[in-house]
Amino acid sequence: MSGLGQARRVVVKVGSALLVGPDGAPHADWLADFAADAARMRARGQQVLVVSSGAVALGRRRLGLARRALTLPEKQAAAAAGQSALMRAWEEAFEPHGAACAQVLLTRDDTEVRRRWLNARATVETLLGLGVVPVINENDTVVTEEIRYGDNDRLAARVAQLVGADVLVLLSDVDGLYTADPRKDPAARHIPRVPRLTPEVEAMAGGANAEGGVGTGGMATKIAAARIAAAGGCATVITLGSRTRPLAAVEGGERATVVEPATTPAAAYKAWIAGSLAPAGALVVDDGAAQAVRRGKSLLAAGVRRVEGRFDKGDAVLVRDEAGREIARGLVRYEAADAERICGLKSEAIEGVLGYTSGPLVHADDLALAAHAEA
């Protein structure tokens, strides 16, 4: 089982070879089939995000660039020219299903610099809440080699982490991982499930690289992406993208490789908060707030007695009781000066004091309990 039918949130990576034909024009029929596939999932309450290559390939045609290796300025120019054509193709595909698309362009800093990560996550969450299909791509127009993801397989894995996706689908030119390259070795065996990524699995992927003429990713990059996704609690499905309605095909039992996650998305996120971020300050809370946090509730301003340290919105902070015991760590939604101004206030009074509200001081989703603090 791929888990695709049960997933709440699915990220699908679509490569250039599926989207763009040899003549440099969009594959309109494939896009229409894929949109119908995604619309079927959306109709049963699932959220679908698309990580889409293709801007540079489409831009080549519009700018008349020869099919050769491009310089970085040429690639950036092609991306700028092709991105609008790419979005138009996606919009035309989803329009018959009443679904709006939205363009989201990212660089590596957007998923690795914490404040930008929070902003990117908030934007994508808002789009999903509005019923929009986010179409995400690397911002090739401005990106440099130092801040590139390198390929859209890795970008898709980072997006899966960003949004807490349950399943990442990597549409490939082969139907999964094999013990050797099946195009060269007739004895190669398909591997339907990878419970854990090992050096042996990665060695198999290194021998099964795709040799397409448009995109940049091969099987090794897909396994590298699966490792990123697994650490974030997301399963990865690698399957043949050229099938009619490839998502339905996977659900129907067509051949694919499923890389199982190491944990759940929520647990991975909480572990990241608890173990990877240095606290910039602390919020000292009363007994009622301490008990609420222990029960998995958000930390409201009304229960905060004191603010310690200097921190910005999105920084990690400690949550301590009045005896100095650490209860939790979390990502705060207000900078320190504003947090001090709203200490002890009820939620409905915050906007009148600050002129805005960002909800609770620390949302329950962004709180990781200390080991001894379980309710």
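Glycine residues also receive a Cβ, built from the backbone N, Cα and C atoms like all the rest.
According to Swiss-Prot, the features are:
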type	residues	note
BINDING	Lys13, Ser172, Asp173, Thr216, Gly217, Gly218, Met219, Ala220, Thr221, Lys222	ATP binding site
BINDING	Ser53, Asp140, Asn152	substrate binding site
DOMAIN	280-357	domain 'PUA'
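In terms of Cα distance, the binding-site residues that sit within 10 Å of Lys13 (ATP binding site) are Ser53, Asn152, chosen from Ser53, Asp140, Asn152. When the binding-site residues Ser53, Asp173, Met219 are compared by the number of other CB atoms within 10 angstroms of each CB, Asp173 has the fewest. Residues in the domain 'PUA' (280-357) partition by DSSP class (helix H, G, I; strand E, B; coil) as 26 helix, 24 strand, 28 coil. Among the listed binding-site residues, namely Asn152, Thr221, the Cβ with the most fellow Cβ atoms inside 10 Å is that of Asn152. Across the structure, Ser53 (substrate binding site) and Thr221 (ATP binding site) are spaced 15 Å apart at their Cα atoms. For Asp140 (substrate binding site), the Cβ neighbour count at a 10 Å cut-off comes to 22, with all displayed protein chains included. Cα spacing between Asp140 (substrate binding site) and Thr221 (ATP binding site): 19 Å, rounded to the nearest whole number. A distance of 13 Å separates the Cα atom of Met219 (ATP binding site) from that of Asn152 (substrate binding site).
Across the residues the record lists as binding substrate (Ser53, Asp140, Asn152), the two Cα atoms farthest apart are 11 Å from each other.
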